[in-house]
């Protein structure tokens with residue numbers, strides 16, 4: 001199905017107001033994009049963090065009369081008659097199919113392969129995780145996920161219990177189970193992530209060994225031999241008191257979702273409870289690991 005997009009340029013302070021205006025004019029979705037392609041890495045909980053110079057992009061059905069949309073927007077106090085905008089007809093593509101065509105099997109460490117569920121595995125004798133990420137984060141393509149998978153591959157997980165804090169697609173918990181863990185526990189704030197993890201666990205034949213919880217439902221007394229959390233630096237710092245009590249004495253901790261420039265502050269939040277290893281970097285991201293005191 002083809003679409004029409006309307007793009008407005010504004011300041012970050014006005015972006016939310018213009019987003020509302022586009023929705024009222026009939027947009028089916030809104031995207032914020034930095035005019036200068038500068039990334040925003042870490043919005044705080046409940047906050048939409050925006051750039052100083054922001055493009056607000058509304059997506060409209062192809063049958064929409066854009067003259068009517070422009071007329072509605074001209075009445076907005078931030079815009080007015082003759083406001084600057086750009087309207088484009090988007091090419092009709094099967095975006096899901098295009099994404100699937102570009103997702104290939106990937107190897108992490110010595111044993112582990114992450115394979116799209118619609119492709120053949122490259123090595124039948126390897127540890128193969130068949131993945132369909134659905135709407136949740138975690139395909140292995142991001143450096144932070146890659147760092148966590150390589151770390152898990154390097155461990156002897158035989159008979160161990162693993163907690164995946166912020167499980168997303170379930171990729172880390174499922175990889176741990178395929179690498180020999182006896183049990184994994186996935187925790188995520190997003191019900192879609194819980195469902196994606198459940199589906200992927202069933203696809204890999206490990207659903208009987210994977211427990212999944214929203215934070216409000218997780219057991220009070222949870223302990224694991226290995227805890228991995230691939231979220232963001234801010235939540236890792238804020239949740240340090242909670243995450244630090246999850247590993248058993250002598251248990252292992254792996255943290256990622258952290259920019260290299262944020263490593264020191266995250267290390268400080270965990271240094272009292274863990275003997276930390278040297279930070280491992282990949283591109284601009286890093287992984288922090290350690291052993292519980």
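Glycine residues also receive a Cβ, built from the backbone N, Cα and C atoms like all the rest.
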Residue from 120, 188, 190, 208 that Swiss-Prot also lists as binding S-adenosyl-L-methionine with 145, 166, 230: 188
Residues 145, 166, 188, 230 [recorded S-adenosyl-L-methionine binders]: greatest CA to CA distance in Å: 16
Cβ neighbour count within 10 Å of residue 188 (S-adenosyl-L-methionine binding site): 25
